[in-house]
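The following features are taken from Swiss-Prot:
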- 413-432: repeat 'LRR 17' (REPEAT)
- 450-471: repeat 'LRR 18' (REPEAT)
- 580-632: domain 'LRRCT' (DOMAIN)
- 642-662: transmembrane segment (TRANSMEM)
- 692-837: domain 'TIR' (DOMAIN)
Amino acid sequence: MACQLDLLIGVIFMASPVLVISPCSSDGRIAFFRGCNLTQIPWILNTTTERLLLSFNYISMVVATSFPLLERLQLLELGTQYANLTIGPGAFRNLPNLRILDLGQSQIEVLNRDAFQGLPHLLELRLFSCGLSSAVLSDGYFRNLYSLARLDLSGNQIHSLRLHSSFRELNSLSDVNFAFNQIFTICEDELEPLQGKTLSFFGLKLTKLFSRVSVGWETCRNPFRGVRLETLDLSENGWTVDITRNFSNIIQGSQISSLILKHHIMGPGFGFQNIRDPDQSTFASLARSSVLQLDLSHGFIFSLNPRLFGTLKDLKMLNLAFNKINKIGENAFYGLDSLQVLNLSYNLLGELYNSNFYGLPRVAYVDLQRNHIGIIQDQTFRLLKTLQTLDLRDNALKAIGFIPSIQMVLLGGNKLVHLPHIHFTANFLELSENRLENLSDLYFLLRVPQLQFLILNQNRLSSCKAAHTPSENPSLEQLFLTENMLQLAWETGLCWDVFQGLSRLQILYLSNNYLNFLPPGIFNDLVALRMLSLSANKLTVLSPGSLPANLEILDISRNQLLCPDPALFSSLRVLDITHNEFVCNCELSTFISWLNQTNVTLFGSPADVYCMYPNSLLGGSLYNISTEDCDEEEAMRSLKFSLFILCTVTLTLFLVITLVVIKFRGICFLCYKTIQKLVFKDKVWSLEPGAYRYDAYFCFSSKDFEWAQNALLKHLDAHYSSRNRLRLCFEERDFIPGENHISNIQAAVWGSRKTVCLVSRHFLKDGWCLEAFRYAQSRSLSDLKSILIVVVVGSLSQYQLMRHETIRGFLQKQQYLRWPEDLQDVGWFLDKLSGCILKEEKGKKRSSSIQLRTIATIS
């Protein structure tokens, strides 16, 4: 046990990564000089060096002085030298604690007989593919290697296994490999120094043993007499039935736990009869060898003959995989009372009968995958009372009436379209890669008693034609439904209760089911669910409450999630959300912030969590996107909503008030004026004193006097009422009788702050009115300010107004007032007219930048 532990430690030392060491350097413990073009052992080594790696160099000589004293060195790698190697006597004596010496794939031109002396603690010696001859075994090269446990001499030029007597001293030797040599025979006297030893492995793979020469079996006798072998590897030697039988005869009585005869040529194969299949006598002599494992895989056996293994009472594992077995003879397995594992995979079996497996009272595992089995009799496996695992994957089965009540049934890769509702129990049921379509089969399987693991990947589950009774299965722990078409079933509104009653389910796979939504409450009963895979579907959104409450691991990768809510993932321990189609706008800022702050373990590379929109951010990692511009918007989101409500209400009220005001504008204006008078009741209206006698000269046709007096003058002129505030001038009252009419007009225009022309049909026909209009325009030009106010009265159109040249010039440049048609607007109009009269107009300064020049006169 101590030797095996030391060997394990040595292997660990060798396999440890050296990537942290710079090439052609040493860190004190590891000296890494692989491929450094060295021609000799470097002397710059530290005495603390434990591993020295010198492969792939040009070192051609190793002698006693090649190494400094390295008492801690445990691994020396000198393999694959590009120069022929000469190893002198005591070449490694300065490495007293060496555990592993690797010289493999170096062409050793000279190997001194004392080359390995001084290595009392050596556990493993690798001399594979070194060009060594049989002399390395017969001349005592391995003397005094008392700790040697593993010797690898594979791939050399050894033709004889005649061992030197010093092998008797190698009490720790347990693993010897002579594979890939040309050793045509082995006889009893050659391995005599190994008698009394127990070897864990003895390799003779591809040595052409007994297959190229005529062997005197009686004189050669048992080469393994007195040797106990745990594993004897005789594969790829081209053994026929006769060679196998003769070898079994000469080694009878030798204890061999595992016999490997892979890649043999026993059996005719399919369609041939020139080579015999093994029969009852082939392995009969192994009865006293206590063989526990027999590997006959990769051959050409076509038929398993009756009682073929009848004498192998102790056999526990039989491997017949990769043959051409098409027929199992009657009682072919008779006598295998202890067999536990039977491997018949990768053969040509087409049907199985009730009698095929008679004689296997303790078999627990039967592997029949990758045959062509299309039909099985109902009682074929039910007679195997201890059967625990039945592997029938990748066959052509269309029915499962034969299923026994066992722990594990593997039926993936068959042609099952419908499952008969038979009664059976199982712990593990695998039915992937079949042709199941109706979810009624899923409901049936979920009711199988004691079922803990159910695999239905890569079927066609898509149909749900009727309501089903929910499955009550308190034992199911893992359910795999990857690569089906559940979307087609669920979009009809049926089978939403398929997971109801699965109270102990812990793992659920729903990947690749074309799901674009999750039915409401689909996971409500999965109170124990810890892991859920929804990857590779078409989900765009996950609704709050759609995930199980106790979920810890969620795979939602390769969907079409746009803006997921991070609150859904806050209770998870592990999350895979890679390869989705994220829309990178401010709505995603909360999720981006969560990604950078969460304690949830996120699977995948950050580069796999990327934007799909907008195009400016296409392919950019969410981890690299700044959300600073969105912080203010996020903080103001609730305020914005409140403002939205406020604005909506305000706008509605405004529209209502506007409609009311428009409808009852006259009343509203009167109320406004009343309030204004109440507010300013203590203030006396006073006009700024100035040079004007009147506030306004009202010019109108005498034919319009009655209307003007009733509509305007009584409401504006202070002489009519003390409540009026304007001093008005008009012809009928204020013109001086007998005075020149032009003078009166001129005095009225120039003596008033503003001139108001009431343009009506009579006005346009009255010459004096038009003359007063021209005087007012003349004053406007003189004072460089607008003192003319035009009020259009009646139904005069724009065309009628523009016909008069005097009026046209004003209307093209100035605004005018029109007497309201609705009586409720009269008050507002009078107020506006008063405001226009009282409004002070600032005159424009005359430009002084215009230079005048004298124009020559022509006489």
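Each residue, glycine too, has its Cβ placed from N, Cα and C.
Here the structure is a predicted model, which means the values were calculated and not measured.
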Should anything in the same chain at least six residues away from the transmembrane segment (642-662) have a Cβ under 8 Å from its Cβ atoms, list it; otherwise answer none. 668
Secondary structure content of the domain 'LRRCT' (580-632), with strand meaning DSSP E or B: 26 helix, 9 strand, 18 coil
Cβ-Cβ under 8 Å with the repeat 'LRR 18' (450-471): same-chain residues at least 6 beyond its ends: 412, 425-443, 477-490, 492, 494-495, 497-498, 500-502, 509
DSSP-wise, what's the residue breakdown of the domain 'TIR' (692-837) into helix, strand and coil? 80 helix, 26 strand, 40 coil
Could you pull the average pLDDT for the repeat 'LRR 17' (413-432)? 94
